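A.B. asks: Encoded as structure tokens, here's the structure I'll be asking about.
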Amino acid sequence: MKNHWMKAKWIGLITVLMVFLSGCGKNHLSALRPAGEVGQEQFNLMILSIIIMLLVVVVVTVLFTIAVAKNRRSKKGEDFEPKDVATNHTLEIIWTTIPIILLIILTVPTVYLVFKQADTSASVTDEGEVNPEENVINVRAYQYWWEFEYPTEQVVTSQEMVVPTDERVYFNLMGVDVKHSFWVPAAGGKLDTNIDGINSFYLVFDEESAQESDQLFYGKCAELCGPSHALMDFKVHALPAEEYDQWLADMKAVEEPAQASSEDAQAGQEIFADSCMACHATTPTGSGAMGPNLTNFADRELIAGYLEHNEENLEEWIRDPESLKPGNKMTGAYELNDEEIEAVSAYLMELSVEEGSGDVEALEEVRQSNTTESEGSEGEEESSANDEEEGN
Amino acid sequence: MANMEYNVPSERWPVHPETATAEGKNKFVGFWIFLAGETVLFASLFATYLALKDSVPSDDHLLASELFHLPLAFVMTMLLLTSSLTSVYAIYHMRNNNFQKMQLWLGITALLGAGFLALEIYEFVVYVGLGHTFRSSAFGSAFYFLIGTHGFHVIVGLIWVTLLILRNANRGMSVYTAAKVNTFTLYWHFIDVVWVFIFTIVYLLGVL
Amino acid sequence: MAQTSTQKKGVGSVIWEYLTTVDHKKIGILYLIAGGFFFALGGIEAMLIRLQLAVPNNDFLSAGLYNEMITMHGTTMIFLAAMPLLFAFMNAVVPLQIGARDLAFPFLNSMGVWLFILGGIFLNLSWFMGGAPDAGWTSYASLSIDSPGHGVNFYALGLQITGAGTLMTGINFATTIITMRAPGMTYMRMPLFTWTTLVAAILIVFAFPPLTIGVFLLIFDRMFGSNFFIVEAGGNTIIWEHLFWIFGHPEVYILILPAFGIFSEIFSVFARKRLFGYSAMVFATLLIGFFGFMVWAHHMFTVGLGPTANAIFAVATMAIAVPTGIKIFNWIATIWGGSIEFTTPMLYAVAFIPSFVMGGVTGIMQAAAPADYQYHDSYFIVAHFHYVIVGGVVFGLLAGLHYYWPIMFNTMLNEVLGKITFVLFVFGFHLTFLIQHFLGLWGMPRRVFTFLDGQGYNAANMISTVGAFFMAAGVIILLINIVMTLVKNERVGTDPWGDGRTLEWSLPLPVPYYNFAQVPLVRGLDAYWIEKNEGDGKMMPAESIEDFHMPNNSIIPLIMSLGLFIASFGALYFADGKDWAIDAVSALDAKPWALPVLVIGLGITFVSMGVRSWKDDLGYYVTKEEIKKDLEELERGAK
């Protein structure tokens with residue numbers, strides 16, 4: 001019986017090893033392919049703990065295998081009378097002390113990294129406001145979508161976040177309806193978006209790693225948040241600093257909603273204004289809206305966070321969101337017939353932000369003015385947000 | 001042997017009648033363990049209360065310092081502390097095999113407890129009149145849950161002791177009733193100790 | 001009053017006997033049947049989950065139904081299967097191991113089992129009454145308040161009922177072990193299963209009240225309009241997480257410690273060697289129980305409690321590895337130099353060590369908080385806790401089932417079928433869960449109803465599903481084994497394994513309803529083994545043959561539990577359509593009958609409680625003559 005079991009175990013092990021050797025997962029979403037400082041530190045800690053733990057597993061397995069193999073009754077005979085041993089103090093001390101030493105080895109980097117990775121003091125100024133010299137993004141999680149606000153530049157977008165590479169990016173996280181959790185596995189571990197207050201941490205995206213995954217990383221919601229929890233994905237575009245600034249400037253340049261060009265789309269724009277505008281903005285402002293900001297909708301990679309970006313899927317989504325994302329808040333908020341849906345889709349597919357349309361220098365000015373001007377109305381909002389965070 | 005050995009003649013009345021039988025001993029140990037669990041229960045309640053005691057939806061909701069009336073809480077504390085003392089007298093007479101006096105002091109304990117309960121109900125009625133209710137704010141929910149759970153324990157204790165006094169009137173004194181009376185007083189002391197914490201943490205700290 | 005001749009009774013009276021019983025052996029069987037039923041139910045839910053995840057973009061289960069499935073799988077397995085099955089063995093064995101004639105509070109014991117059974121039924125009625133709870137077995141407050149309909153109400157009320165039963169059982173076992181040990185059985189002579197039961201019972205007493213409070217907060221918010229978790233009214237959802245995990249982490253030890261106890265007995269018996277480092281084992285058990293209360297926030301590393309809290313809880317968590325390691329090494333030292341017989345229970349014990357070590361080391365990996373930011377709420381966690389709970393607790397339950405079967409049913413389970421179950425189950429277990437560690441590291445969050453193609457998760461998920469089928473096949477063969485054994489009904493005699501060491505094996509089978517005709521005298525650790533080696537193989541009595549006292553059966557525990565069961569339906573619908581109710585139920589039709597049902601249910605409970613305390617129930621005496629007659633019969637049977 002024993003042999004069968006061992007054999008079965010080996011087959012299982014080999015299968016598993018084969019799967020494992022096929023890779024450490026995908027570049028853009030695996031924790032085993034760290035794409036930046038934070039992820040790398042966490043990965044190193046994993047490796048250290050795995051080494052220590054493998055040591056333990058090997059020692060236990062060897063001792064255990066010897067113990068089981070050498071002491072079978074079939075081998076020793078029915079008459080063999082084992083000698084009772086009450087205890088052995090030397091052994092007890094050894095197997096108490098060695099684990100303690102191993103754990104101390106693991107404790108030191110653990111405690112160091114806990115404090116290091118929680119240090120977001122650079123993202124706020126001494127007055128408790130957002131530091132305009134750092135990259136800060138306010139993340140709001142909704143059932144089942146994400147809003148990203150760039151407080152310094154006063155730009156709002158959703159579903160697809162743009163971040164600069166090779167720089168620290170600070171995140172202020174908040175849940176709006178229920179608790180979610182913000183996770184970009186390749187860049188680092190997750191942090192919950194509580195509905196009771198703001199959580200802050202930072203991540204770093206290396207340019208080199210970003211290039212290996214086409215400047216695009218996958219983000220996920222990691223806390224059960226309702227039926228469509230599994231579909232609450234988002235994307236992270238990691239761009240070099242200049243491109244990142246250009247993107248922000250382009251967004252900033254959108255002051256009026258894009259005007260539809262084709263006839264279809266013009267009809268769509270009117271319908272949109274009647275039926276959709278209450279929840280969806282088409283200028284990059286107004287954080288905390290009911291629905292995702294659609295300013296640069298046509299430039300996005302995915303529809304509803306997970307479907308391929310084409311008009312067919314878009315129409316399907318507008319027609320029956322419930323079937324694609326059960327439990328979402330859009331279902332039933334509007335009534336459109338097929339013709340209208342086609343028109344709205346056509347309009348949405350034109351919502352593009354022209355690359356290079358924005359003035360990067362103007363962006364710099366916005367950042368500068370935010371540094372000097374401490375009592376702006378937007379600034380007040382931020383400072384209250386940061387107060388809450390410190391309250392935690 | 002077939003009869004219960006509960007009725008011990010007075011010359012052999014044990015020093016600790018409450019644990020003289022195996023059942024009595026089990027009750028004693030088991031009830032202490034139960035009280036350990038109750039302690040954690042109230043600790044969780046206190047933690048919840050402390051986390052929410054200043055949490056109201058808007059400024060027009062009353063907070064602890066505007067609500068609480070220390071003299072009333074003090075009188076309630078005195079009533080309950082005294083009732084704890086009178087239950088000790090009951091135990092004293094139980095150990096001396098003096099049935100009538102034990103019954104009398106248990107009765108006084110029940111009366112004092114009822115007085116406490118009446119004041120608590122009065123207090124709640126006043127607060128509800130001021131708009132501070134179970135549903136008005138997180139503070140309100142936490143306050144009524146903590147004080148209410150204690151109040152519920154007092155009610156249970158009052159029903160318990162009333163049933164005991166009535167039943168004992170027929171049963172008379174025995175190591176069987178002694179164990180029951182002793183368990184009740186353990187419970188009553190526990191309620192009293194919890195109230196001391198409520199008085200300190202909720203009322204005193206709330207007003208200061 | 002004599003219940004010796006159960007065989008002659010009709011079906012009706014047997015059922016009545018079980019409905020009213022206060023005998024720990026019969027209550028153990030009730031726990032085994034009900035726990036086994038819920039284990040099967042949870043297993044079916046697990047299979048449906050794995051079927052849904054077998055391939056990407058699967059639509060076998062809808063998103064909402066999937067969330068109900070995972071919630072009920074977790075809740076059922078922890079509260080309605082693992083814990084009750086452990087209670088089954090505790091009930092069947094612990095009084096026998098310490099030389100007692102029953103538990104300290106037989107009436108409470110009966111309450112415990114009926115509260116558990118009715119709570120479990122209540123929870124599962126949700127499937128037929130508008131949908132099961134869907135906020136996960138942890139039911140984090142913001143989602144559990146948001147969840148529409150009555151699902152989460154079923155969760156909260158069901159847990160409150162079973163939780164009350166568990167608390168009573170905890171108090172009962174702690175008291176029993178403290179006060180009812182036979183003469184000579186000092187604390188340091190108690191078998192390890194008794195020790196771990198004692199520590200688990202004390203953990204229950206300290207861990208369940210926070211859950212009770214947490215669930216009350218949820219009940220009040222969802223059904224009575226309070227504001228504990230309503231942020232707009234000043235509430236705070238993190239309170240739930242704290243209360244839940246202050247209960248939830250010790251709960252893990254409530255489950256695993258008794259399993260450790262079962263394995264300790266098995267290692268010692270089937271290696272024919274006394275347990276190595278007995279006092280170290282006891283000390284480690286106590287230490288694990290103690291540390292279990294200071295580490296709850298390691299479930300909350302990503303909640304944002306701040307670096308100081310995370311660092312403290314990380315270090316405290318790692319400390320638990322030390323006593324657990326001590327246990328592992330002591331078990332290995334126990335079989336070292338022994339004479340190992342590979343019976344089915346011993347096979348589970350042997351397979352337990354590497355499996356549990358795997359679960360243990362991944363636990364330490366998660367204690368390293370920054371690394372846990374990656375593991376948390378991913379499939380890595382799913383793999384970890386299944387390694388601990390299946391590789392530890394379920395292996396322990398299966399081992400215990402085979403090992404203690406003769407004590408409970410006077411027959412032996414078939415060893416060949418037992419070993420087939422073992423191979424299928426252990427192989428399937430590793431196939432299912434080992435790969436899930438990697439899925440988590442590759443970025444797959446837990447509790448997802450489906451996954452998209454092209455993320456590299458397909459093969460691993462398929463392997464995992466195939467593994468689950470092996471486990472299911474193992475359980476089906478176990479069921480066949482049980483049915484076959486019961487039908488054949490081949491009776492066995494005292495000490496059926498031949499190497500019994502502790503008091504329970506010294507008893508004749510079937511065990512008399514009063515357990516011990518004379519309370520035995522315990523002369524050391526492994527009391528029965530000592531008598532076999534140094535005495536005449538029989539326990540020395542500590543008392544002459546005398547009349548002794550036994551408790552009467554009672555239907556009141558069942559009625560009291562039924563009262564709470566009925567009251568729960570009142571509470572469940574109370575908030576429907578009320579203007580103060582949360583959004584989840586405020587739009588439903590008002591149910592004016594809810595309040596009367598609540599009051600009537602509670603009334604039934606309190607009135608039957610009053611009846612119980614008003615009517616003196618002094619039990620009955622087993623007479624000298626009856627005991628002598630039984631002993632003579634045994635003597636004849638032996639010849």
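The count begins at 1 with the first shown residue.
Positions of Cβ are set from backbone N, Cα and C atoms, glycine also.
Annotations per TrEMBL:
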DOMAIN    A:23-121  domain 'Cytochrome oxidase subunit II transmembrane region profile'
TRANSMEM  A:45-69  transmembrane segment
TRANSMEM  A:90-115  transmembrane segment
DOMAIN    A:132-250  domain 'Cytochrome oxidase subunit II copper A binding'
DOMAIN    A:263-352  domain 'Cytochrome c'
REGION    A:355-392  region 'Disordered'
COMPBIAS  A:375-392  compositional bias 'Acidic residues'
A.B. asks: Mind looking up the mean pLDDT for the domain 'Cytochrome c' (A:263-352) in the predicted model?
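C.D. replies: Over the domain 'Cytochrome c' (A:263-352), the predicted model scores a mean pLDDT of 89.
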A.B. asks: Kindly report the helix/strand/coil residue split of the domain 'Cytochrome c' (A:263-352) according to DSSP, in that order.
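C.D. replies: Summed over the domain 'Cytochrome c' (A:263-352), the classes give 40 helix, 4 strand, 46 coil.
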A.B. asks: By a Cβ-Cβ criterion of under 8 Å, what residues six or more beyond either terminus of the transmembrane segment (A:45-69) are in contact with it?
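C.D. replies: Result: 31, 99, 102, 105-106, 109-110, 113.
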A.B. asks: What does the DSSP secondary structure composition of the domain 'Cytochrome oxidase subunit II transmembrane region profile' (A:23-121) look like, as residue counts for helix, strand and coil?
C.D. replies: 68 helix, 1 strand, 30 coil
A.B. asks: Quick check on the domain 'Cytochrome oxidase subunit II copper A binding' (A:132-250): DSSP residue counts for helix, strand, coil, in that order please.
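C.D. replies: Across the domain 'Cytochrome oxidase subunit II copper A binding' (A:132-250), DSSP assigns the residues as follows: 21 helix, 60 strand, 38 coil.
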